[in-house]
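Under the heading active site, proton acceptor, Swiss-Prot lists HIS303. Residues or ranges marked as Fe cation binding site in Swiss-Prot (evidence: sequence analysis): HIS346, GLU352, HIS382. Positions annotated as homogentisate binding site by Swiss-Prot, on the basis of sequence analysis: TYR361, HIS382.
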Amino acid sequence: MNINTVPELIGRGSASITPGYMSGFKNSFETEALPGALPIGRNSPQRCAYGLYAEQLSGSPFTAPRGSNERSWLYRIRPSVKHSGRFAKADVGLWRTAPCHEHEMPIAQLRWDPPPLPQHEQTFLQGVVTMTTAGDANTQAGMAAHIYLITASMVDQAFYNADGELMFVPQQGSLRFVTEFGRIDAGPGEIVVIPRGVKFRVELTGGPARGYLCENYGGAFTLPERGPIGANCLANARDFLTPVAAYEDKDTPTELFVKWGGTLWATTLPYSPIDVVAWHGNYAPYKYDLRTFSPVGAIGFDHPDPSIFTVLTAPSETPGTANIDFVIFPERWMVADNTFRPPWYHMNIMSEFMGLIYGVYDAKPQGFVPGGASLHNMMLPHGPDREAFDHASNGELKPTKLTGTMAFMFETRYPQRVTEYAATSGLLQPDYADCWTGLEKRFDPTRP
């Protein structure tokens, strides 16, 4: 039925399936792990092939406009109603959900050192630490910025998030996401997006892992409009990859965790819920290699706005104002003439949480390191430090390529509140604001 199907890799209780992918961004995909598992010309036949159950997973209201209507039909061994046992509260650890007021919101620019990986075994669910929250998950608005620290795979466990969509940004170590839609492998330089309500587990594929995690409480991430840029560049739809179907038919006791209403709930099932044999639709997890992003920029003079580096946007109800923008600062050429080339000094209506995947960020060559983070909340000034300013103001303006660097930003319309962990863990750099103390008065009315 589908040229991307790899049935020879699928088996009962398969645990080591090689991931396969379909190209495109939120296409109407179809994929089956067994031939004939997908019904033809209908969604819900009287009897599904192989004794499967038909189930729809909706990521938008039924009446959403066609361009933003998201749903998939799943053909699975057991319907999800069989995945609901008697839930009990589980330890949510350091994962926090907005609104979270456990610490006051400081009027200051903030920067953190990378959190160290623990020496003990810690799975994904145990290793999420929240740095900031914004908005209100109950009203489906805002976001949270987390860091994950993983030293052990999830075994006989599954999880889904009812509160929001999850974007993983690996910084160290590679991960395998075993989802009910299929398998996804990803490492530093890639992102993975898991929609709200999709069951999955996280496995290590090569040593401990650390990275960033954006929890999007609002509308789903989508590609930004290009406007006058035209039909090409930025993130191209063909570079997004969605997994082909892969299932588990395992009668092994499995813990199912659900994040719902800011609380983590758990139940035990007598089988694996990762049991989708075939599916079709446009609501599915995907990954994207950030190194395929084609940046645009100034080829004459001046420094354009950072919005030109937007990879994905989660829009709000106000046109042009994002609930979240995911922005990257990748390798690129700097060629603008008679121009201060680093990001300029700025006060912004949006609130910016930044991280560094690898390399050096051109506006902050010192102190902002891979695995670390910074927060510049709305209307708090920020910009290059003294070293970056002096170098950019006096250096030779020859074409220069920034290489080996990948920084990113989660930008939201809502102020971001720091958590107790972010404020008191010892990672907060107390002298961050000192990076601007060396910026002295340069004004001389006698020298134009």
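Including glycine, each Cβ sits where the backbone N, Cα and C put it.
Feature map: annotations from Swiss-Prot on the structure.
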{"residue": "HIS303", "record": "active site, proton acceptor", "Cβ contacts under 8 Å, 6 or more apart": "ALA336, THR339, PHE340, ARG341, PRO342, PRO343, TRP344"}
{"residue": "HIS346", "record": "Fe cation binding site", "Cβ contacts under 8 Å, 6 or more apart": "PRO381, HIS382, GLY383"}
{"residue": "GLU352", "record": "Fe cation binding site", "Cβ contacts under 8 Å, 6 or more apart": "SER374, LEU375, HIS376, ASN377, HIS382, MET409, PHE410, GLU411"}
{"residue": "TYR361", "record": "homogentisate binding site", "Cβ contacts under 8 Å, 6 or more apart": "PHE329, MET354, PHE368, THR405, ALA407"}
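DSSP classifies GLU352 (Fe cation binding site) as strand under the three-state reduction. In sequence order, PRO343, MET347, ASN348, HIS376, LEU380, PRO381, GLY383 are the same-chain residues whose CB sits within 8 A of the CB centroid of HIS346, GLU352, HIS382, the residues recorded for Fe cation being left out. Other Cβ atoms within 10 Å of the Cβ of HIS382 (Fe cation binding site) number 20 in total over all chains.
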